[in-house]
Amino acid sequence: MTSSNAYYYTKVMSELFLQTSSSSGVSFQSISSMTDFWVYGQGPLLDSLYWTKWYNNESLTTHHTQSYIYYENLLLGVPRLRQLKVKNNSCVVHDDFKEEISGCYDVYSEDKEERVSFGLLNGTAWRYHTEEELGGSSHWGRITSYSGGGYYIDLKLTREETAEALQLLKENLWLDRGTRVVFIDFSVYNANINLFCVLRLVVEFPATGGAIPSWQIRTVKLIRYVSTWDFFIVACEIVFCIFIFYYVVEEILELRIHKLQYFTSIWNILDVVVILLSIVAIGFHIFRTIEVNRLMGELLKNPDIYADFEFLAFWQTQYNNMNAVNLFFAWIKIFKYISFNKTMTQLSSTLARCAKDILGFAIMFFIVFFAYAQLGYLLFGTQVENFSTFVKCIFTQFRIILGDFDYNAIDNANRVLGPVYFVTYVFFVFFVLLNMFLAIINDTYSEVKEELSNQKNELQISDILKQGYNKTLMRLKLKKERISDVQKALQNGTKELEFEDFKNSLKELGHADHEITAAFSRFDKDGNQILDEEEQKRMRRDLEEKRVALNTEIENLGKSYGGNNLDENLTVAEAKNNHTNKSNWVSEEEFQMCVIADSSLESLIKPFLVSTPLLLWLKANLKLTTVIWPFQILPHECIKGQGNIEAGPFYHIFYIFLKRL
């Protein structure tokens, strides 16, 4: 989990422990010798670790013995110092120098590690402990990788006791020629933001002499469930686990059906990767919760021991990295669901088509690229940091392509071959090879774009939205026109309106008998088949309210669709039709009758769709003439032209049932 709090927590701790200087100007970042290490350890390190007073010199530890860094961050347990040494005579001195040089200490490797006791011989600082005894793990430093064992000392709860312990180590030469690395490990916890900060300060003493400082600061959230928001996260995690279990079962069933053919689809492989990473994340989440509770229990019992959160912080960081990669793949899966859109498929189609050409060209490109990397390593590796290793040479050359490069460094290292290397590399790799790479992609993209422009347009998301908008708008307009028809029937100027007159007026406008009867009976309270003046007023008032409501709904529909460029006065058929033959268009009146027939037929058939005898009767007597377009199956009297009218998907399902009979 990453947040701005985690960033600022890391920033505060790094500034305190890395940039705080002694009176002589030595900070952790400026350590360059063993002398500087002791100056830092007995000065800025103690000042940063042990906060005992407020800024007005009032005691800070009245009720607590632990240190509160910056008054807010609890120092968990005590810090630990650990060193690794190499054996004397672990390397060979040339015969010409044996008289002048008495000992030889090689670069660090685990097989040359010193394991015998030395110095005062009493205490953990002078006796070797294995990685298993310490429960530690290896560390990858600036120079090499170091094991988790060594000689260690746990510092004290107070500044005074710690200062005495460090002075004892210094006086008895705890660091000597064989020392290759020193680790300073400790952890702090901020309850305000519920975050742990696990710090490791590393000083490497290479065989060349001097010192190389480095550090590792991991800010992690190990205690997960404290606030109300955290418990909401628990609910989300449970839902996530359920989904993962469902997808595991689904993928197993697909794999069982398709067998090895299942892995021929890149999307299936991506699904497997996402599921596997999710399962590992769930497992680590459970392990992390159990282990943190165990460590916190031990720490609360013994606050004067070293709190080793390094292992948990390391794996929490890997857990965060794994979730980041998993989320990246989940985002990539979006391409799978938008692939029906021509614009969205241009990228994937271009890369797929030019993959072979790019692969062939990449071989040629990297032959030249690695040749220049080797050349730079041999020419400048002893003088320029960016060329000090072969891997650094590779990244430096990528930086040259991006324009991020220090030319003066290689020019000062070799005034003749430096400019030659730079000019030829830029010409062949940047101007020639890189532009050939771009040309391959550009040519393929042009071909793909031309092919897609000639393809028939597929169903797009915008089409689906427009279809839904137009169908809804058409239904609202039909309701509005029915209300207008009834209002016209009421405009006869008489105080009493008989049912027969009302019925005849509406039948001329194409309304069905049952609709007319239902509308009349609703307001004919006395059942005398006559609407008096009061009943007509109620009907007019009710119709006007419905008309106003429909107008509002139509306006809101246009606003919610937002950005549609269709004229609301057009029918659905007119708005969607792209056919060039104007004679095949359906008029608005005909379309309205088709929609009414559509709704009536659908409401009639739906309840009995599974009845086989009824389906046989419908097939024999309805005389459906079907024209099969995508989602377009219409009764005979609604077919006039091709592709100008759209019916609901219900007719497509109904047609399939009839065909199977």
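Backbone N, Cα and C atoms are what each Cβ position is placed from, and that goes for glycine too.
Database features (TrEMBL):
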- Cys91-Cys104: disulfide bond (DISULFID)
- 231-249: transmembrane segment (TRANSMEM)
- 269-287: transmembrane segment (TRANSMEM)
- 358-380: transmembrane segment (TRANSMEM)
- 420-441: transmembrane segment (TRANSMEM)
- 511-546: domain 'EF-hand' (DOMAIN)
- Asp524, Asp526, Glu535: Ca(2+) binding site (BINDING)
- 533-560: coiled coil (COILED)
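Cβ proximity to the Ca(2+) site centre (mean Cβ of Asp524, Asp526, Glu535, cutoff 8 Å) flags the following additional same-chain residues: Phe523, Lys525, Gly527, Asn528, Ile530, Leu531, Asp532. Shown are the disulfide-bonded residues Cys91, Cys104; the one with the most C-beta atoms within 10 angstroms of its own C-beta is Cys104.
Each residue of the domain 'EF-hand' (511-546) gets a DSSP state, and the totals for helix, strand and coil are 25 helix, 2 strand, 9 coil.
Listed binding-site residues: Asp524, Asp526, Glu535. The one with the lowest count of other Cβ atoms within 10 Å of its Cβ is Asp526. Across the structure, Glu535 (Ca(2+) binding site) and Cys104 (disulfide bond) are spaced 115 Å apart at their Cα atoms. Straight-line distance linking the Cα atoms of Asp526 (Ca(2+) binding site) and Cys91 (disulfide bond), rounded to a whole number, equals 117 Å. The two recorded residues Cys104 (disulfide bond) and Asp524 (Ca(2+) binding site) have their Cα atoms spaced 115 Å from each other.
Here the CA atom of Cys91 (disulfide bond) lies 114 Å from the CA atom of Asp524 (Ca(2+) binding site).
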